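For reference, the structure is listed below as structure tokens.
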Amino acid sequence: MSGHGAPTVNVDGSGMRVAVVAASWHQEVMGGLLAGAERALAEAGVDRVDVVRVPGSFELPVACARLAKQRYDALVALGVVIRGGTPHFDYVCQAATWGLTQVAVTTGVPVGFGVLTCDDEQQALDRAGLPGSVEDKGHEAATAAIATAAALGGA
Ligand code: DLZ
């Protein structure tokens with residue numbers, strides 16, 4: 001994982017089935033997040049990966065709720081929300097965070113939280129796992145999701 005204080009995680013994801021649910025706002029940043037998540041899953045040996053695109057981060061919870069019923073070992077939710085001049089930012093962030101938490105705790109399917117909530121586009125680019133970025137949040141979210149699935153495997 002990439003952020004300050006993040007753990008080093010080595011997880012064997014072979015045999016797992018994972019869905020990556022990705023919003024579509026802020027295309028360049030989303031490209032980095034999605035590539036990072038796919039790289040993390042490949043590094044862990046996850047060979048069954050489905051990518052589902054939704055319009056915005058507000059739509060991530062409903063898509064994850066549906067997919068959680070379809071025998072995935074883990075889900076990875078990716079999105080980018082950038083603060084604008086209206087309270088919309090807060091509503092979208094809150095809905096995504098609360099909704100994804102609900103999906104995880106009510107279904108028991110781990111959901112990696114890869115939703116960037118940033119003041120401006122530069123903050124998002126810094127976390128996107130692109131050349132020049134300092135963090136790779138898509139990789140981090142995917143790793144967290146499958147590490148949690150592995151930890152709960154025998155539960
Ligand atoms: C409407 C909106 C706005 C203003 N900003 C973002 C954003 O920065 N990131 C994002 O993922 N989605 C945004 N959206 C779209 C909402 O998530 C949602 O798709 C719409 O409100 C339609 O339900």
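Quick reminder: no glycine exception, Cβ is built from N, Cα and C everywhere.
Quick look at what TrEMBL annotates:
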| type | residues | note |
| --- | --- | --- |
| ACT_SITE | HIS88 | active site, proton donor |
| BINDING | TRP25, SER57, PHE58, GLU59, VAL80, VAL81, ILE82, PHE113 | 5-amino-6-(D-ribitylamino)uracil binding site |
| BINDING | GLY85, THR86, ARG127 | (2S)-2-hydroxy-3-oxobutyl phosphate binding site |
Near ligand 1, which of the binding-site residues PHE58, VAL81, GLY85, PHE113 are found, taking a Cβ distance under 6 A to any of its atoms?
PHE58, VAL81
Residue from GLY85, THR86, HIS88, ARG127 whose C-alpha is spatially nearest that of GLU59 (5-amino-6-(D-ribitylamino)uracil binding site), among the recorded positions:
HIS88
Other than its own, how many Cβ atoms are within 10 Å of the Cβ belonging to PHE58 (5-amino-6-(D-ribitylamino)uracil binding site)?
20
Candidate with sparsest Cβ neighbourhood (10 Å radius) among TRP25, PHE113, the listed binding-site residues:
TRP25
Find, among the binding-site residues listed as SER57, THR86, the one whose Cβ has the highest number of other Cβ atoms within 10 Å in the structure shown.
SER57
Site with most surrounding Cβ atoms, counting all protein chains shown within 10 Å, from the binding-site residues VAL80, VAL81, ILE82:
VAL80
TRP25 (5-amino-6-(D-ribitylamino)uracil binding site) to HIS88 (active site, proton donor) - Cα separation in whole Å:
14
Can you name the residues of this chain that are 6 or more positions from ARG127 ((2S)-2-hydroxy-3-oxobutyl phosphate binding site) yet have a C-beta less than 8 Å from its C-beta?
LEU116, CYS118, SER133, VAL134, GLU135, ASP136, LYS137
Roughly how many Å lie between the Cα atoms of PHE113 (5-amino-6-(D-ribitylamino)uracil binding site) and GLY85 ((2S)-2-hydroxy-3-oxobutyl phosphate binding site), rounded to a whole value?
25
DSSP three-state assignment for PHE113 (5-amino-6-(D-ribitylamino)uracil binding site):
strand
Rounded Cα separation (Å) that holds between the residue listed as 'active site, proton donor' and VAL81 (5-amino-6-(D-ribitylamino)uracil binding site):
10
Count the Cβ atoms, other than its own, that fall within 10 Å of the Cβ of GLU59 (5-amino-6-(D-ribitylamino)uracil binding site), considering every protein chain shown.
19
